[in-house]
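Here's the structure we're looking at; comments come further down.
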Amino acid sequence: EAGEECDCGSPENPCCDAATCKLRPGAQCAEGLCCDQCKFMKEGTVCRARGDDVNDYCNGISAGCPRNPFH
């Protein structure tokens with residue numbers, strides 16, 4: 001929703017302040033295939049294995065798993 005940086009779900013989420021829906025200090029992300037312990041995963045980390053096809057990889061600058069353009 002507008003103004004939210006993360007999903008205000010559980011107060012136990014270590015990355016997101018449930019009261020403000022903002023990322024906690026030092027957190028880059030709160031969820032996503034390329035988010036691990038509140039940080040973006042390193043560029044080149046496989047986020048979606050495709051078996052016989054080309055895998056999808058984290059880009060190091062977002063929590064989402066970008067689709068490989070070669071699919």
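Here the Cβ of each residue, glycine as well, is placed from N, Cα and C on the backbone.
Candidates considered were CYS15, CYS16, CYS58; Swiss-Prot assigns the disulfide partner of CYS34 as CYS58.
Per Swiss-Prot, the cysteine from CYS15, CYS16, CYS21, CYS65 that shares a disulfide bond with CYS38 is CYS15. Taking the Cβ of CYS15 (disulfide bond) as reference, residues of its chain lying under 8 Å away and at least six apart in sequence are, in sequence order, CYS6, LEU23, ARG24, ALA27, CYS29, ALA30, GLU31, CYS35, CYS38. Measuring Cα to Cα from CYS47 (disulfide bond), the disulfide-bonded residues that fall within 10 Å are CYS58, out of CYS8, CYS16, CYS58.
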